Amino acid sequence: MAKGPVIVITGTPGTGKSTHAQLLVEEAALPLRHINVGEWVKEKELYEEFDQEWESYTVDEDRLLDELEPIIAEGGVILDWHTCEMFPERWPDLVVVLRCDHSTIWDRLEKRGYSLKKIQENNEAEIMEVVLEEARSSYPAEIVVELKSENTEDLEANVARIAEWITNWKRNQEEK
Ligand SMILES: Nc1ncnc2c1ncn2[C@@H]1O[C@H](COP(=O)(O)OP(=O)(O)O)[C@@H](O)[C@H]1O
């Protein structure tokens, strides 16, 4: 039996995925491993090439999934990435889609030093709900949760809510 649930935290860059994941690792009732998938792809060179025009890596999906598979089987993982449809439907127990006002995202990505082109691309993606649609079309409705991440109160409430979900998950597993 898996030691913990598999949670996907997704959303447009700048919505707060890594911030949420880090807090959850500290606050959850069981050990969780936070995988920042974008960083992983770079570190482990799980990409085919660097796309100069879009300033992003073209991910080698097969290799990425192969690397993740044993970790997912163990359980107790948070997958943090700006896309989610690549992950098999059977993987996640919960898919959290973080949402944020697009002008706030603009400011956050500007601070991060993103190019204007990348800021515009992400800003539009948030307005068009690209990641939310992707999550809804890839996973059963009952495991997809959309949460607002605009300020500290949102962050704290979201982390508390997900931590509570994890506690319930654990209880359910123990009763099985
Ligand atoms: N709910 C929030 N309230 C205030 N600041 C936030 C919130 N979520 C994220 N941030 C800030 O926005 C920036 C981007 O957050 P980050 O977690 O790196 O986003 P992502 O992993 O989605 O790209 C960070 O400076 C972070 O502190």
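Numbers here mean position along the shown chain, with the first residue as 1.
Keep in mind that glycine also has a Cβ here, set from the backbone N, Cα and C atoms.
Over in TrEMBL, the protein carries these features:
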BINDING   G14, G16, K17, S18, T19, R112  ATP binding site
REGION    36-59  region 'NMPbind'
REGION    111-121  region 'LID'
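Annotated features taken from TrEMBL, shown on the structure.
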residue	record	Cβ contacts under 8 Å, 6 or more apart
G14	ATP binding site	C100, T104, I105, R108, L109, R112, N122
G16	ATP binding site	L98, C100, S149, L155
K17	ATP binding site	I9, T10, G11, D80, W81, H82, L98
S18	ATP binding site	H34, N36, D80
T19	ATP binding site	L155
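Sequence-ordered, the extra residues of this chain that approach the ATP site, with Cβ no more than 8 Å from the Cβ center of G14, G16, K17, S18, T19, R112, are P13, T15, H20, R108. Put simply, the two farthest-apart Cα atoms among G14, G16, K17, S18, T19, R112, the recorded binders of ATP, are 14 Å from each other. Helix first, then strand, then coil: DSSP counts for the region 'LID' (111-121) stand at 7 helix, 0 strand, 4 coil.
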